[in-house]
């Protein structure tokens, strides 16, 4: 029983001395007494390689490299193991989750959190922590009973103690945890003869838990010798850089005192690891108070980048330089990080440079398609077939892998499901998934081609196959009663899905293609799934359980599964976290993400027991728990020290200036400290360095071409670019080995998002030999030619969703108002409140069920929205009654359609126009309301258009002039053309072109006392004032509002009178009759010009900018046109917005007959 301690700072040869000592013993006596090297799990492979790769060792049975758990198994093999079944991490958490659910009603503090998955995970960690530090439920209960403490702390400890005791009772004599097995290992040590003959070395640790200290105590007591290696100078100052390992040394000294033995200390002071003075100085001076600055010889570098991506790209280039110019191997290089977001970047960037690497970290299986399929399948059952888990299940492609183009079929199914609002048991309604229903998807009328029919039949078949599998799974699970039944049913369902065969086939294909890591993932997924099922049966067996509880517990188990990947090759870059990775004696170590907030990292308590509670526990119960946050914060400098002293030749630090969300990042204070140790240790700003040394960017063929593209693009924009890039372009262009893909990249240099003008034949093929279109189509072209091309040429459809869109709301108001208007023959004056409510209810009952497959009755929200629509309609009818009371114009026609060839007597005839190419233009549409007034054999007509959006309920004459707003002039023109069909007199003249805003008005008041109920109603009605343009004819003015008199401004139409009875410029929107006719004729010419441009093949991405706004803001086709402010701004169209449109139209000479039927 001897105890040795090798003590010294990093790089002083402690581990080398240990390895040399072990090797000498192995050479001297290969079959001698056992030698055990205990190391952290992540270091065992590296240490085994140190023995295997030694050419002087011809093999030996003496030495084993083990971590504590493997050592315990080695002892159990000799003296016999425990009879209990060992619980895995997943099994432990599943059991604790189930206990929490059963004991929820007895919990005092955590009753409301008990249902959350994360709570059971935290509770499991806390119980494991207690076990590591030898704290039992009895300790907790005695502590609670004996001490006065805050109520919250007491309730918390009582809750934890309750679950902990229940857990211990459940596993007693049947199961054992990993921590308990270590306690059993301690008890078995005296029985081991093998241990008594062993020389034990402990290396690579900087701290231990209570249970591990007890193991070390047992090893010291029963083994022949124990040697422990610690990175410390032996300073026990709690503020020392080596506080953590010195704390370990103090514990070892206490153990030695208890065993009444002395520690044979050997101090190591000579630095052996570092090959240059830079690294030696860095190690020796990092923690000194009085700095001794020396000249930096270039073996330490600090890199500053703008972003993480730029940072890792530069690291990759420097690794290539190390391999090519310094003859290093990949295994001589390591990258250490602290920020978890870097792990993703390594996976995305290093393969671009063909750098082999291994990240020493476990990855969750949660996001693997197979695991996502299983978890989605569980959620489908739990959520009663809700749409989101169903779509996630389908998109994993696990249950649909046998279908060709399965992803496309699933996309089509998703479109249909979202449009029809499929959820719950509606998935099982075969009538809903009829092929004919798919033909209407996103389109009002469409005849299926044979190919489309075959595709949709495949979609229906795919959906049916998946539903059959889910139903089978649901049926099997619903018949189960015990956990064993559920596990069996689950496994048999996977067999029914043919999942094992499918996965094995996929694994074999991946192996054949050389993708061994992905193949290994599939093996681990399946084995992990079986392990969880085994654990469930092991832990719960024939215990009765509801299906809901089983699926919850099962999901908890799946959460714990992780990939443990074995390195695919020995020659690869080692990547790990600064806290855990073991990368000793690498030639070059890169420490990335050296920012304040990462190194040092603010340490916050994440366990259920807070730091204050830990301190109270330790003071009052004399029981040590895991370190508190302030202790861990003190050890941050030691983490940095260990990380940066792993290198033999070079160490490179890097940090970024900007976070992933655009926030500013500061340099780590440790880097400022390191920089202060050297003269001439400058921070290298990566962009500036590359600007001065462009050749440094040319390290990898493919990535050089990408950077070359960026340089040439800058050159084309007249930026200063190094001549080296032009030389590089010529070299790459002329090299058959390097120029692959160069032409494709270069084509992007001149990309300006320019579309191709369609030829005459193609235009006719796309748009037909005549244009049959609504007014909105022409307005859409004016907004942007490409928008028109995408919607009417390519006929692209945005996915229709089962939700109320703005245009749906507008359609509802139009339909409801038409229904009511026809019922009362347009006589709004006769309405009273009772009649308004009655008609509104009738109209809504008739119309709402037809909207979006009865969408407005699908949920409580939409039923509430239906009531809000009713309220808006009632307010609107009150406003219409008010307006009708004071107007001589009478509403006569509602939702009146027009087209070239009317289908009924009620429809109006639209005059055919002709493009410059001779193509007929047939305009069709629907006029919301036509009001008429007749005096002296002359009929005057108002066009009333209902708008549910305030922005569109305004007539902008500048837009009318430029053809951006064509609707009202078109409608008036149609009405004037159809006097006979409308039953008007021979002389028909325009009255008003007016918008009615259907909405729920809001009135603002400063205080409740300002509200006058009678005035409030009047103010609300006035919010419905019509807007637009009115004929200045006195007959029209008088008829629009019979109350008009001098100094009066109408609250129903845009007309006001001055004192002298003349029209007020401020309160009136009027034009004389001739001007209105000119606008109508000019509108026709705009139609002809627009249609001619369409048939001329114009498809430019050229939005019309008006009042500093672009139509792109609300355009559905941005993902198609790729409009870009930098590239396309030169093609933005504008108009002269300063014109007076009435004066402009009056200056145009238009030869046409005004008035009457034109």
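Note that Cβ sites are derived from N, Cα and C of the backbone, with glycine treated the same way.
Feature annotations, courtesy of Swiss-Prot:
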DOMAIN    1-275  domain 'UvrD-like helicase ATP-binding'
BINDING   8, 9, 10, 11, 12, 13, 14, 15  ATP binding site
DOMAIN    269-583  domain 'UvrD-like helicase C-terminal'
BINDING   784, 1112, 1115, 1121  [4Fe-4S] cluster binding site
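Feature map: Swiss-Prot annotations on the structure.
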residue: 8; record: ATP binding site; DSSP (3 states): strand
residue: 13; record: ATP binding site; DSSP (3 states): coil
residue: 784; record: [4Fe-4S] cluster binding site; DSSP (3 states): coil
residue: 1112; record: [4Fe-4S] cluster binding site; DSSP (3 states): helix
residue: 1121; record: [4Fe-4S] cluster binding site; DSSP (3 states): helix
Cα-nearest neighbour of residue 13 (ATP binding site) within the listed binding-site residues, 784, 1112, 1115, 1121: 1121
Using Cα positions only, nearest of the binding-site residues to residue 1121 ([4Fe-4S] cluster binding site) (8, 11, 14): 11
Nonlocal residues around residue 11 (ATP binding site), in sequence order (Cβ under 8 Å, 6 or more apart): 271, 272, 273, 274, 279, 283, 645
Which listed residue (10, 784, 1112) has most other Cβ within 10 Å, given these are binding-site residues: 784
Cβ contacts of residue 15 (ATP binding site) (under 8 Å, same chain, 6 or more positions away): 203, 204, 229, 584
Environment of 8, 9, 10, 11, 12, 13, 14, 15, the listed ATP site - residues of the same chain whose CB lies within 8 A of the CB centroid: 231, 268, 271, 272, 273
784, 1112, 1115, 1121 excluded, remaining Cβ within 8 Å of their centroid ([4Fe-4S] cluster): 783, 786, 787, 1101, 1103, 1110, 1111, 1117, 1118, 1123
Rounded inter-Cα distance in Å - residue 12 (ATP binding site), residue 1115 ([4Fe-4S] cluster binding site): 67
Distance, residue 14 (ATP binding site) to residue 784 ([4Fe-4S] cluster binding site) (CA atoms, angstrom): 75
Neighbourhood of residue 1115 ([4Fe-4S] cluster binding site) by C-beta distance under 8 A, where only residues 6 or more apart in the same chain count: 783, 784, 787, 1103
Overall pLDDT for the domain 'UvrD-like helicase C-terminal' (269-583), taken as the rounded mean: 89
Cα separation, residue 1112 ([4Fe-4S] cluster binding site) to residue 14 (ATP binding site) (Å, whole number): 68
Same chain, 6+ residues apart, C-beta under 8 Å of the C-beta of residue 9 (ATP binding site), given in sequence order: 231, 232, 233, 242, 268, 269, 271, 283, 284
